[in-house]
Amino acid sequence: MASITFKGNPMTLLGNEVKVGDKAPNFTVLANDLSPVTLDDSKGKVRLISVVPSIDTGVCDAQTRKFNEEAANLDGVEVLTVSVDLPFAQKRWCATAGLEQAKTLSDHRDLSFGKAYGVAIEELRLLARAVFVINANDEVTYVEYVSEATNHPDYEKAIEAAKAAL
């Protein structure tokens with residue numbers, strides 16, 4: 001099981017840790033229009049899933065912008081940003097950030113994604129910062145559980161993993 005801290009305090013993660021080589025677990029989250037979205041909806045594509053505690057914080061904002069900017073240069077890679085923010089807040093953030101094309105997904109309803117990927121923080125009911133790359137065959141090819149939730153992920157390694165999965 002991955003272990004993380006939030007501002008130096010140890011946190012409990014719910015669900016199972018996902019590892020490279022695993023079949024990617026399915027999940028159901030909500031799009032900004034409240035429609036359900038599952039992993040199967042992007043079947044056959046390479047997915048870079050960027051997980052953030054809240055889109056309205058500085059590191060989460062930077063992470064979402066960075067991965068969406070990088071993905072613009074990667075044909076065949078779909079970037080999905082998952083948080084427990086309400087879909088309305090995610091939609092507002094996308095409009096304010098000028099990233100209307102960004103795919104932000106909300107796990108607020110039942111933590112389906114958080115539990116399936118082992119990133120649901122029990123004490124805070126937030127998601128731990130993490131990055132997953134899933135290839136077109138639904139195999140997990142890259143995993144990073146960021147050990148301190150307020151730190152940035154390794155952007156370069158994640159982008160390289162997404163390129164390698166094409």
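Cβ from N, Cα, C; glycine included.
Model, not experiment: these values are computed from the prediction.
According to Swiss-Prot, the protein carries these features:
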DOMAIN    18-164  domain 'Thioredoxin'
ACT_SITE  Cys60  active site, cysteine sulfenic acid (-SOH) intermediate
DISULFID  Cys60-Cys94  disulfide bond
For the domain 'Thioredoxin' (18-164), the DSSP residue counts stand at 44 helix, 41 strand, 62 coil
Note: in the chain of Cys60 (active site, cysteine sulfenic acid (-SOH) intermediate), residues six or more apart in sequence with C-beta under 8 angstroms of its C-beta are Val52, Pro53, Ser54, Ser83, Arg129
Students should find that the Cβ of Cys94 (disulfide bond) has, within 10 Å, a number of other Cβ atoms equal to 20
